[in-house]
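According to TrEMBL:
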type: DOMAIN; residues: A:103-321; note: domain 'ABC transmembrane type-1'
type: TRANSMEM; residues: A:32-52; note: transmembrane segment
type: TRANSMEM; residues: A:102-128; note: transmembrane segment
type: TRANSMEM; residues: A:148-171; note: transmembrane segment
type: TRANSMEM; residues: A:183-200; note: transmembrane segment
type: TRANSMEM; residues: A:233-254; note: transmembrane segment
type: TRANSMEM; residues: A:300-320; note: transmembrane segment
Amino acid sequence: MSTDVTDGSGPGIRGDGAVGADNATDRRVRRLLFGCAVITVLTTLAIFFVLIDNAASYFFGAKLTEMLLGASVERTVKFTEFFTGTRWAPDHATPGHGVLPIVFGTLAITVGAAFVSIPIGTATAIYLSEYSSKGVRSKLKPTLEILAGIPTIVYGYFAIAFINPMIVAPIAETVFDINMGRYSLLSGMLVVGIMTIPMVSSISEDAMSAVPDDLRNGAYALGATKFDVSTRIVLPASISGVFASYILAVSRAIGETMAVTLAAGMQPQITANPFAEIMTMTAYMVKMARGTTAVGTVEYQSLFAVGLLLFVMTLSMNLLNDWFKRRFQEEYR
Amino acid sequence: MSTEEQSLITTEVQTENTTRTDRPDETVLESRGLDVHYGDERALSDVSIEIPEHKVTAIIGPSGCGKSTFLRSINRMNDQIDACRVDGELYFHGKNVYDDDVDPVALRRKIGQVFQKPNPFPKSVYDNVAYGLRVQGLDDKLDLDDAVERALRGAALWDEVEGKLDSSGLDLSGGQQQRLCIARAIATDPEVILMDEPTSALDPVAASKIEDLIDELVEEYTVVIVTHNMQQAARISDKTAVFLTGGELVEFDDTATIFEDPADDRVEDYITGKFG
């Protein structure tokens, strides 16, 4: 035995040329993977920079880069007008630069959509995770995920061809006696709500399925009904995942573009009438980016100010999501 | 249906209460020809047993012999498993729990269960114990406070958690968690407590506390305990049932008889460690 150790041949761990080559390959692979990861980070930073740079020229008449090169600064649009004004018409003959109407549009759609997607999505998740048989779940879950994969423009047509004329307009006429146009806030809410149901149900269902069966059995053994177990054990134990799904759905609704543009229209206004046409921030950006406005004008640069605001809104939702996950996962392990 | 069932049980409880000490061997649970299948696989085969009230009945046997299956068929926890099929009869105070008019939810309020792995809910100590009472509709704060304290004292846990009823049940040690689960089970004042290897996930000190507790619990409850640990069965039980592979009940008798003079050779082999 001892001769095996001391005869100098070793137990095959000394390595030869092949091992060195493997190490080199390893390093190359690592650099390649790192490079890919860096691309996404750089892209995010670049987008952020372009938004700020161009938004500066909306507010100060010159881009940040131009200012560094000595361009004169003039206040084109005041912050107070931008954040508190209630008329949004940067491309009008007498321009209005109050962003509130389109922020209202976006938030109204988001809140309305949440009232559709959160209850229906949560109930669907509870049904899939706690009530449905394996057979039903194996069919229903993929169907929901198909719903998530439909292009949003198709939802837009669904709204314009079905939800608005067949559902919303008849209600407006028969119940409220309002003659409605082709677009409405309500149909925007409904279509974005429907669109985000799969996001809520799918992520919530994953969180609920991850709740250990031990807990369910413990509750059933105490004489809990299925409803007790679903609402008092499974839902609280999976709350961090469930809330994460709500926040993802909400930030999706904030950033949603094509469906709301087609469903809710392009008329910036603050209104409590759900049958009125409104405009969201994204819809405004679609309108501006279509290219009828000259690049570099104040009207055109408003695009970036709105974009930056939208970016900050969705970013803060994502940060909220992260915070929430950390805060509650600690408690429920 | 369920009110009729409820009243049937309640009247029997009252008669039991008056005769508890006079008739020590009153049967509380009885199975007749109980068969359980999981799909095509037979887990219990023709089990007939009479479990006496206010005694500790231990169920021992090698892995996969159907001990836990038998326990789960008593409070119909097997209902949760899709592929599970139960044939035969299982009587709780003379009422077949597999009759169509029995509500498993009501049944489980009479027959509590403690599991192998401590499974406190991710809630406070207080809410863990109050859970069973709340699902039964009790929500008066003072009544709940009272019942929670009584249950925690009953589970010999009160002194350790008195000052931290609001902290998470998950922050307790393993042994405390298991006693919390026992407190949770007795809070609703069941008649029978089923225990599925309640000490197998615990260290010896925590395990011996649970054993002492079982000794006290049997004053008020009927305890059916599944265990892998034969010394434990010998220490704490009055009656012992030996299941062997195939889900067959081989012998059921006083614990002393089983361990000292079993009738069946296979039981003797199992107990002396020749197999299993």
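Positions of Cβ are set from backbone N, Cα and C atoms, glycine also.
Of the Cβ pairs linking the transmembrane segment (A:32-52) with the transmembrane segment (A:300-320) and spaced 6 or more residues apart, 3 or more are under 8 Å, so the two regions touch. For the transmembrane segment (A:183-200), the partner stretch with the most Cβ pairs below 8 Å, chosen from A:102-128, A:148-171, A:233-254, A:300-320, is A:102-128. When Cβ-Cβ distances below 8 Å are used as the criterion, the transmembrane segment (A:233-254) is approached by residues 106-107, 109-110, 113-114, 117-118, 121-122, 125-126, 129-130, 192-193, 195-196, 199-204, 206-208, 210-211, 215-216, 218-219, 224, 310, 313-314, 317-318, 320-321, 324-325, 327-329, 332 of the same chain, each at least six residues removed from its ends.
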